[in-house]
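So that you can see what the record holds, here are the features copied from TrEMBL:
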| type | residues | note |
| --- | --- | --- |
| REPEAT | 6-147 | repeat 'Solcar' |
| REPEAT | 155-241 | repeat 'Solcar' |
Amino acid sequence: MTQSPRDTIIHLIAGGVAGTMGAIVTCPLEVVKTRLQSSSSGFQVHKVCVPKIASPEGNNHVTCKTIVSQRRRINTVTSRHATQFLAISHYDGNLPPNKSMGLIQYIRHIVQHEGPRALFKGLGPNLVGVAPSRAIYFCAYSQSKSFLNSVLSPDTAIVHILSASCAGFVACSATNPIWFVKTRLQLDFTKSGQRLTAAQCIRRIYRQSGILGFYKGITASYYGISETVIHFVIYEALKAQLMSRRSRSNLNENEKTSQDFLEFMMAGAVSKTVASCLSYPHEVAR
C-alpha cells in the first residue's frame, strides 16, 4: 500500500490545523499543568513549625501550621522571656491561599494576580511549534507506516509501534527548542506589564547556555515517545475494530458520516487518555 503525494499533503495540513486549534483551546490548561508540574510553580505552600508563646506555667509546645510563605519577621515575646522564634521566609504574591485549590481556583488565581492574558502565556511559541510538530509527526507516521507495511505484515502492532517511534523521534528533534521556550514562558509569573517576551526568553537562553541550551530535556522527550507509541497502538486497534464493524454492515468504505466522525474522535480521545495516564510520571519528571 503506497502513500500518494496527495495523501501526504492531506496529513500535513490536517495535522497542522488540528494541532493549532487544540493548542488555542487548551492553552489555559497547559499553563496550569506546566506550573503544577514545576518545582517552582508558585502554587506551593509551606508547613512551618511555630512555637507558642511561653506561658507562666511553663507548658510550652510547638504547633505546626500550613501557611503561605511571606517575607515577614515573627517575634514571640513575653515580659519574662526573650525572643523565642524568628522566621524570615520568602513571599510570592502569586501563591494561592491554600494547597487544596482545584483547577478553577488556580485559573482564577492566575487571572487575579497576573491578568487574563497570563492564561495564554507561551501560546505564541506553541502556535509556532504545534503546527509544524503535528504536521511533521503525522507525515512521518504515515510515511513510515506505508514503508513498513510493504516490508512487514501490514497493519500489525509492530508496524504501528515502529511508525509511531520514528515519527516521535523526528518531531522531537525538530521542535524541542520551541517547546523549551514555551515552557520557560509559562513559568514566568510576572504581571502583564512586565511579561517576559518570547524574544527576550530566546536571547536569555542563548546568552546563558548557547545553542545547546535549547535542547535541554530532549533526552527525556525521547523517552516520552513511549506515550505516542501507546497512543497510536491503541488508536489503530480501535480504528481496526470500527472498520471491521463497518465492513460487516456492508457500508461503503469511502462514505463518511457524522457517526464515523464521532466514533473516530472518541477512539482518538480514549487512546490519548490511556497513553497520557500511563506516561504521566515521565511528563512530570521532564
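Placed from the backbone N, Cα and C atoms, the Cβ positions cover glycine too.
Keep in mind that what you see is a predicted model, and the values were worked out from it rather than measured.
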For the repeat 'Solcar' (6-147), the mean pLDDT of the predicted model:
64
Just give the helix, strand and coil counts over the repeat 'Solcar' (155-241), going by DSSP.
73 helix, 0 strand, 14 coil
